[in-house]
């Protein structure tokens, strides 16, 4: 009933606008962990290679740079699209609140600028810069990446726990306090949870590639190193992330109780609230399916079974997620926590064996799990994002502006057409990215098997004879 | 007062994007017109090689423009993106295709693949500046208002079309001038001549379009016309004309360091002249800078953000451009990626 009413109230633009935003974010987020953390992992490998004078480590760092060059470029443009979408899809939000929370993006713009500069110097400095200067110029990269992430997360946390303004009689924000608007209550937990999630994901994704190679019998030093460094990095971060994840859930419980109620599908405010693993919330407040664990939700939220947990029904139906949205949020939250727990077990397996025996686990099951860990952590990142965004519904600015008020007035047909165009373009771009990365891998594998540079006649590149002409004596060998 | 300062910052950021991003789209324009796979091979390789390390940085200026717009002038941002919905949406799609096409073309080996990604890159390099220019034309001619909704007549009008075409011609000029100087740097005198000829042609197109624009704005955007022919606006128009003449003169001889400076001077002073002509309006004659400005505190913080950006980003960008123009930056080759 309520669902029908709410849908009737929302303008027709809401659905295509939300679908388009969701789609472009879901796809951009796949690139974010690599954008934020791959430079760091590459620098670790690079530093290791320089210190030990290890040619294999340096080769891995160079190859990861080549991957980064393509992946970062796609990330830049899909990220720019998101900035456009603020205006194209949510002009109402930017028009009213832009000057309250927009400044965080200013910080992000520095971060992004510096990152683009430094990454260009790092990626294109391998050949001609002195090796030490090259490495040192790359060192600030992880920090500027974190600076950029800070700007974005400041804006997103403001949407979740907005403050730093007061409203005048017409409902417009006045008395803006920028410091308060940047450092909102949820920023700390959200930022660190995000940063470590990026570290963990990038580590497992990179290690996963070499775990696959290991399973296929390529067990040389190259694969061992390519697996060990990113995996160790991710494994060290995993327990940290577990603690941070637990802490942010409790912060949401305090700061956004209705979102927490959706995450745990709590209908009525109560003590001794049970925890449901999965399960489905119905419009009348009943829950079907799922595994019920008595008292656990109260214990997790406040460490005591008599902790009072706010239910969804504390606010009117129009101010909270619908039962369907709550179920989605609950599922994504449970999946994220589930994946996090499994990754923690995997990290423990690895860590215990390393401390005890000083060696990698020998079991193929370990490597199978490690190969899946990359995909699993990307799924966890997506789920975490859905939890925070859908859990805030129907608000775009929590308790201050509804999604329906912010949406563009452009006809919904235009939005649907544009959405279709965007899907086509993104499928093409991401499909091409995948194909290109796989081709690069195949090329390197072939080169490795032959144990040296291919003779020019076997290189399929059509313009091999010309490799040295256009750029004079500067270039040797064929272009990548 | 502070709103005026931020408006100038916004204008300078737009000018920087027009020059940085413009060079990049211009390179795409010449990639598109370089001819068949065989004939266009060398110019295209030069374009790849010259743009590779710097194109992402060139495009980050756009993010700056957007951030200053929505933080400093949220109402302007809302109105522009509501009214100019279609051209801006298409420009966004163009930006994705441009970046992806360029980034993916390099690692692809097969000719068919290179052609596909190259075409995507080149065509969107043409469309993106056109649509961004058309949106700017909508602002200049006062068609962006609080009540207008997205429709074709908001941007399919003489001023918008001319601004779009001017954007293409200006980017083509910048691209050719920079590529000519790059060709000289890479010891390719014949490509230097090749791009200088094209730069001159594009510059003539810019001059013709600029004159036509001046006539059209007389009727279609009277406030801007008046601003361009009086006071500060007129001063920057004269600077642009002088820079155009200087560029044309420099393009008749082998490229040195100066043709880039004068070409940037043409585009930057044209953008600044437009901004100055709009004073005191963000959108002539419906939204003034003071009306469109965000909260006072925010603007002061934005000034601080800009200051930090100048201190932090300018040296970094300068270092990148310096390394690039000194030939210190070069992509990894296949040999580097083999053991």
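Cβ from N, Cα, C; glycine included.
On a predicted model such as this, the values are computed, not experimentally measured, just so you know.
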Of the residue ranges A:225-244, A:245-264, the one that TrEMBL records as transmembrane segment: A:225-244
Among the ranges A:20-45, A:191-213, A:328-353, the one whose Cβ pairs under 8 Å to the transmembrane segment (A:225-244) are most numerous: A:191-213
Chain residues in Cβ proximity to the transmembrane segment (A:135-155) (below 8 Å; excluding those fewer than six residues from its ends, i.e. six or more beyond): 35-37, 39-40, 43, 46-47, 50, 101-102, 104-112, 114-115, 118-119, 121-122, 125, 129, 182-184, 187, 190-191, 194-195, 198
In contact by Cβ distance (the transmembrane segment (A:415-438), the transmembrane segment (A:66-88); 3 or more pairs under 8 Å): yes
Contact set, same chain, for the transmembrane segment (A:365-387): CB under 8 Å, 6 or more residues outside the stretch: 25-26, 29-30, 32-33, 193, 197-198, 200-201, 204-209, 211-212, 214-215, 227, 231, 234, 263, 328-329, 332-333, 335-336, 339-340, 342-343, 346, 349-350
Sequence-remote partners of the transmembrane segment (A:20-45) [C-beta within less than 8 Å, at least six residues beyond its ends]: 57, 60-61, 64-65, 67-68, 71-72, 74-75, 78-79, 81-82, 85, 89-90, 119, 122, 135, 138-139, 141-142, 145-146, 148-149, 195, 197-199, 201-203, 205-206, 225, 229-230, 233, 377-378, 381-382, 385, 389, 415, 418-419, 422-423, 426, 430
Residues of the parent chain within Cβ reach of the transmembrane segment (A:191-213), under 8 Å, 6 or more residues beyond its termini: 32-34, 36-38, 40-41, 64, 146, 149-150, 153-154, 157, 223-224, 226-228, 230-231, 233-235, 237-238, 240-241, 244-245, 247-248, 343, 367-368, 370-378, 380-381, 384, 441
